[in-house]
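First the structure, in the form of structure tokens, and then the observations on it.
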Amino acid sequence: MNLETTQSQTLAKLTQEISIILVGTILLTLSAKIVVPFYPVPMSTQTLVVLGLGLFLGPVRSSLVVVTYLFEGLLGLPVFAGTPPALAGPAYIAGPTGGYLVGFALAAAAAGWIVQALQGLRPAFRASVAVFLGSIVMYCAGLLWLGGFVGYGEKLLNAGLYPFLLGDLTKATIAVVLYTAYHNRRAV
Ligand SMILES: O=C(O)CCCC[C@@H]1SC[C@@H]2NC(=O)N[C@@H]21
């Protein structure tokens, strides 16, 4: 293999990786726009995409997608659930939902790592454990930060956890079903 072939293969691989990351951020942005504007924490479909990214892309690529997404928001692009009406930028990320946003990166990484670490077990089982633990990681980050705004205790759970449990369970189940269907199809 000559130098030119190696260089063009590296370039093709890099282009593919960048495309995957950009498509991931577009999906995440779209999922932020399917939103019910609760205050201070909106209901959205972001967790479906975050967990799906973790399952399908693994820990490194999925967390890179989320970090790129956060960077887009930091630059002022309206990629978040509350933008508009709020303005994206550092102040938005430092706001009430900032913990969930950072938690998205941790959840994607955790779900991706767990689903890979359980390789060899049934896809449905691996994915279920991964989305469950990934969601816990995301909620820990989200609630810890949100508590700084609404206070800790019952008020925090009413604002940041209880209204979302059923919806997030449904979204996590969809991510598991998609992952399982994909793997079962590949196994045929
Ligand atoms: O401002 C953002 O873009 C992030 C919104 C975070 C919403 C959280 S994620 C977990 C929980 N489930 C939801 O549907 N909404 C909250």
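A Cβ is built for glycine as well, from the same backbone N, Cα and C atoms used for every other residue.
What TrEMBL annotates here:
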- 18-36: transmembrane segment (TRANSMEM)
- 48-71: transmembrane segment (TRANSMEM)
- 91-115: transmembrane segment (TRANSMEM)
- 127-149: transmembrane segment (TRANSMEM)
- 161-182: transmembrane segment (TRANSMEM)
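Residues 42-46, 48-50, 53, 57, 61-62, 64-66, 68-69, 72, 79-81, 104 of the same chain sit 6 or more residues outside the transmembrane segment (18-36) yet have a Cβ under 8 Å from a Cβ within it. Ranked by Cβ pairs under 8 Å to the transmembrane segment (161-182), the stretches 48-71, 91-115, 127-149 are led by 48-71.
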